[in-house]
Ligand SMILES: *Cc1c(COP(=O)(O)O)cnc(C)c1O
């Protein structure tokens, strides 16, 4: 396996079509009070909740490459379907407005659909066309049917998210770039590279980080915490995340081969289900708020953060480790789960 230089990798990234959407580089905040309290590794938080677009999050980075490619191919309408409280739908609606693309969102009529708050509220402010689908319908099929209908009308649609392998691979490519950003930040701090990176990921974000580490020959371990499991249509198993790593490398012109066993993506922190706050996430969120003045949400970033805290508690990480938690955003969700978040915060005081 040949090792690629940072320089080479960033040159390969620079060859790809890209649109400007995110405020980069995002800050890297050291967490002294949290690190001391946990009595374990040094902890930094990479603030991808601060990417700027429509309250930030990891999709702003990803859409730079996904929509860069779409614009390059002459796409005029983008389609995304997901949970009604989708972070991606919110960030996509904003990005599409900025690029002058039509955006069709197909939210599931799930338990939160009636409450136009949080992500759902924000997504509607950017002029996206909202075409709700039944909770039991396949999102993937609904998006494909919509694309077929638009094609028949002479349009040039692109499907985003689940069901578009290209979009998922380009989302991973964005996190190859994010890893280079983290390396630069550690070099500037004269700190050795992190031993571990923890992140909430359904696949793409983790795959990008993992590809970068493998291509550069670094030893940083990528630990993904999945906010969903096999019960959800969008769940990606380790074998498919390994495949995304290879696909991201291929887009950059490199051959990479990964086994599913090399992918550390945990479904242990899902709690009762995807989209439902877990008690561990609520406790973790309260701890982070009180020690560092930072917020995570109870269904995405909070679940990843609870996974990091859990691994520190069982001694999987020690005081000789240096950990980066990538904050992938999701903060508008706290308004949707206001009561639960308040109960979680009060419970943590007891
Ligand atoms: C979409 C999202 C993720 C997962 O990103 P992937 O690239 O699918 O791994 C994690 N956290 C938040 C807040 C998200 O919105």
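Glycine residues also receive a Cβ, built from the backbone N, Cα and C atoms like all the rest.
Among the features that TrEMBL reports, domain 'Tryptophan synthase beta chain-like PALP' is placed at 21-329.
Look at TrEMBL and you will find 59 tagged as N6-(pyridoxal phosphate)lysine. Secondary structure at residue 59 (N6-(pyridoxal phosphate)lysine), as computed by DSSP, is helix.
The Cβ neighbour count for residue 86 (active site, nucleophile), using a 10 Å radius over every protein chain in view, is 25. Annotation comment: TrEMBL describes 86 as active site, nucleophile.
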Cα distance (Å, whole number) from residue 86 (active site, nucleophile) to residue 59 (N6-(pyridoxal phosphate)lysine): 11
